[in-house]
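Remarks on the structure that follows.
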Amino acid sequence: MGILNQTKMIASVGYYGLSFNTPNMHGDPYVNCFICAAAEMAAYVITWILLRTSPRRISIACIVGCSGVVLLLTQIIPPSHYVLTVIMAMVGKFGYSAVWSMIFVFSAELYPTVVRSMGIAACSMASMIATIISPYIAYLGTHNKILPFVLMGSLSIVAGMLCLVLPETYGQPLPQTIGQVKPIICCATTRDDILVAEKDNVEDEQCLDSRKGAA
């Protein structure tokens, strides 16, 4: 839950941070805002295709990581090439928009039925916290235009690497109980962990059966 919430927070910070920082970029602010909106619309179309054809974990990790790399690369572009800077920033906005929407589907598939609503609510709360922080990150651009890009890019690369340890849910049945949830890749499952998971699985199944009987 912590990795997923952190990724959601970073995606929200990048999404809103770039949106709020658009007027601070070089060039016509109205044209920049239009490009920003167009990038977001294109991201939702690509997201729909990726959700139907690609693994969630790899897709999210690659997109958020590449978005961070793109934002960091904007710092080596000469000031005279401000058009290229705006384009790369919009590529980052494209990536954050895609990840922001994919996280909702990934979290619903990752959490078991007994705690799915709680897990999605936790992700939404993390997103709202990031929304509160985003204007302050964009405000850093008034002091130094590269600070928002460096901060968002660095956090995105970290989030991309952390996403790689999450279990894959593409093409897998939705977990119904906590015992059916796959462990994260970096954590080895011991015999005691298996016994605890089986116990939790039995208890959760009994809870589900009792609810069905009451209904």
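If you go along the chain as it appears here, the first residue is 1 and each next one adds 1.
Quick reminder: no glycine exception, Cβ is built from N, Cα and C everywhere.
TrEMBL: automatically predicted annotations, no manual curation.
The transmembrane segment annotation in TrEMBL covers 29-51 (among others). Cβ atoms under 8 Å from those of the transmembrane segment (29-51) belong to residues 18-19, 22-23, 59, 86, 90-91, 93-95, 97-98, 101-102, 105 of the same chain, restricted to positions at least 6 beyond its ends.
The transmembrane segment annotation in TrEMBL covers 58-77 (among others).
Tertiary neighbourhood of the transmembrane segment (83-106): same-chain residues 4, 7-8, 11-12, 14-15, 18-19, 21, 25-27, 32, 35-36, 39-40, 42-44, 46-47, 50-51, 56-57, 59-60, 63-64, 66-68, 70-71, 73-74, 77, 120, 123, 127, 149, 152-153, 156, 169, selected by CB-CB distance under 8 Å and a gap of 6+ residues from either end. Marked as transmembrane segment by TrEMBL: 83-106 (among others).
Taken from TrEMBL, the feature transmembrane segment applies to 118-140 (among others).
Per TrEMBL, transmembrane segment is recorded for 146-166 (among others).
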